[in-house]
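Written out below as structure tokens is the structure these notes cover.
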There are 2 protein chains.
Amino acid sequence: MFQVIKKSKKSNARLTKLTTAHGTIAGPFFMPLATRGAVKHLSTDELADLGAQILLANTYHLLLRPGPGLLQRYRGLHQFMNWHGPILTDSGGFQVFSLGAYRKITEDGVAFSDPQNGNRYFLSPEKAIGIQRAIGSDIAMVLDECPAYPCTKTYAGRSLELTSRWAARCKKEHQKKKGTQLLFGIVQGSVFKSLRVASARQLTAIGFDGYAIGGVAVGEPRKKMVQVLNWTVPELPENKPRYLMGVGRPEEIVAAVRQGIDMFDCVIPTREARHGRLYVWNYLERGRREPLLSPRSEQRLRPSRLLKGEFYKTINITQAKFAKDLSPINHTNLKQYSRAYLHHLFKTNEPLGMRLATLHNLECYLVLMQRIRTSINQGVL
Amino acid sequence: MFQVIKKSKKSNARLTKLTTAHGTIAGPFFMPLATRGAVKHLSTDELADLGAQILLANTYHLLLRPGPGLLQRYRGLHQFMNWHGPILTDSGGFQVFSLGAYRKITEDGVAFSDPQNGNRYFLSPEKAIGIQRAIGSDIAMVLDECPAYPCTKTYAGRSLELTSRWAARCKKEHQKKKGTQLLFGIVQGSVFKSLRVASARQLTAIGFDGYAIGGVAVGEPRKKMVQVLNWTVPELPENKPRYLMGVGRPEEIVAAVRQGIDMFDCVIPTREARHGRLYVWNYLERGRREPLLSPRSEQRLRPSRLLKGEFYKTINITQAKFAKDLSPINHTNLKQYSRAYLHHLFKTNEPLGMRLATLHNLECYLVLMQRIRTSINQGVL
């Protein structure tokens, strides 16, 4: 069940509530990536402490290892990975299509081989649903084809027609068994207005529990993503969740919320953490005697682009200037550790460094989402 | 302050209590390695939850990075790494002497260069004490020379004489400033009875807060280590703690406790965890429906060698047979995760795998120490 609790008067932002088999999620929300059934370096207890409401896992990766058979024996991924909140599974279309020479697409589905050991697989819309059923995710995604950027309008058009036919097959397969799992469609159409509109209309005609916008954050200019949302969102039903796949940086998330998006996932906070790149956000800097951030030091965005009076930058903790920085990593979940210590952990390749950096970046993202929800509720976003 | 609470009537084992500036430690005890100021993959909260009473850090590694200057600014390693229990620092002698061509020993001390960047350092007994004072460890170790195994009696003899002269200089330097830090001497002498006895006598004549037995677990046969303890322990004062450096496997620890040792450290549980090698100990297996261990499957040791009716083996979790093993990793701190999940994490290179394996192996070691203490108290060891 999905409810729009409140609609902003200043933008298309909305405060939402999505009920799944494993709990209710307040939106707009961000999903940390547990691609292979684990968020890198973190335990599920830590994710719960961070306030993560839902995790994202990947059908393609779980198909290869550990395989749907084991997950079925386990009665699903939740128990396997010890996460008892909601899980969304991406269908794996994006990953399969990234395989290039290793895969072949037909009307029926896509044949591919595991680059690691050469094992052959065939993923059809029906199989994608079957695997996601074995995984037991709360939200399943249809199998889609995600064209690369840039691509020709002809290719994008043919591709989205295939995606729509596959979406219909997914829906049909999904309906065969009653259950609580939700199924989302994925709008494609690259950066072409008519195609995005057509894709959205075809999917809404089939009817899904929610709608994702795919084929963005694949290398197109940021302006294009804004346009894609401008074209697509008005075509989607008001009373269903809208999910912008693979997005993005904090300012992109805030902008997309303003355009009416409810759900996000992105590899950025966790991957950048592993490279020592940390978000420094003035909200989490509060109380710091000598703030690293001042409005002048703000690099990427104008204050208006995030929340009122709020801005961030990223730092690389491995830089020499942090060797002697005794100030805490942040003032919330990592106040007991200094930047100097985190610098030391990265310089000595101590794995605890990546873990602390991941905890910090996810804290930034999850607190940002919380603040976005509060801002909508207070009528200021 | 050090107290022998109870002496076994069945062996030389003793129940002890060692009071340091950061707390009292019940012995016999095991010190997990936080060589560079972090136990690999674990937070200090997790170590406290595991029941770790004291951690071991290394003077040599901390001298190179982050350096004593930063630690002094921080008023010590405790605050830097967010560990508020006791810390013992090894002097770094063993590490420096492992450098081979990178170091040169003189009467004064040892000159060496950091293999990573070529920076030159000089470590004298006085400097080793100064650095450990900056680190603020609860227990400092003298600078010693640890000869390789095998070595000639002539070399071992000259080496232990140097170690004794350095020990006296360490003691003198250490006495210059009043403080709560304890200082331990290190007995050397390779596998030669007369040399071990001489070393122990020279050190006890100088007088330390505790005595370590070094130069073991360097490749000598296990029988030799038993002999070294037989020669050395009777020469050490009853009323001071005895520390067997770098030892060892569970059965070696139990055997050494029987010989009168109170303190242990070893890289084995944490390093093996990172290679997927897990301790399976029947005590932590209790309640398992189909126990992996039965007296017959016991590989390494006779039950008598560990505790009464207790035995263990090690498994490699990456083996295919664990892919479908739905039984929990153990029945204490990791009952919520299956072996199949841990197998999956290792096969997909998820860093959470190493973390869980480390949590398991340290649990085994720390619970073993607890059971050793209980067994001494109950008069059965």
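Note that Cβ sites are derived from N, Cα and C of the backbone, with glycine treated the same way.
A quick note: this is a predicted structure, and the numbers were derived from the prediction, not measured.
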Under TrEMBL, which of the candidate ranges A:20-24, A:75-79, A:270-274, A:330-334 is annotated region 'RNA binding'? A:270-274
In TrEMBL, the substrate site includes A:ASP90, A:SER91, A:GLY92, A:GLY93, A:PHE94, A:ASP144, A:GLN188. Which of A:GLY67, A:GLY118, A:GLY215 does it also list there? A:GLY215
When TrEMBL is consulted, the range among A:176-182, A:218-224, A:246-252, A:295-301 described as region 'RNA binding' turns out to be A:246-252
Within the same chain, and leaving aside A:ASP90, A:SER91, A:GLY92, A:GLY93, A:PHE94, A:ASP144, A:GLN188, A:GLY215, name every residue whose CB is within 8 angstroms of the centroid of the CB atoms belonging to the recorded substrate site, in sequence order. A:PHE97, A:MET141, A:VAL142, A:LEU143, A:GLU145, A:CYS146, A:ILE186, A:GLY214, A:MET245
Cβ contacts under 8 Å made by the region 'RNA binding' (A:270-274) with residues that lie 6+ beyond its boundaries: 32-33, 39-41, 314, 354, 357-358, 360-362
Write down the Cα-Cα distance for A:ASP265 (active site, nucleophile) and A:SER91 (substrate binding site), rounded and given in Å. 14
Please spell out the DSSP helix, strand and coil residue counts for the region 'RNA binding' (A:270-274). 5 helix, 0 strand, 0 coil
Report the same-chain neighbours of A:GLY215 (substrate binding site): residues 6+ apart in sequence with Cβ closer than 8 Å to its Cβ, ordered by sequence. A:CYS146, A:PRO147, A:TYR149, A:VAL187, A:GLN188, A:GLY189, A:SER190
What kind of secondary structure is A:GLY93 (substrate binding site) part of, going by DSSP in three states? helix
Number of Cβ atoms other than its own within 10 Å, given for A:PHE94 (substrate binding site): 20
What is the Cβ neighbour count of A:GLY92 (substrate binding site) at a 10 Å cut-off, with all protein chains included? 26
Residue with minimal Cβ packing [other Cβ atoms within 10 Å] among the binding-site residues A:SER91, A:GLN188: A:SER91
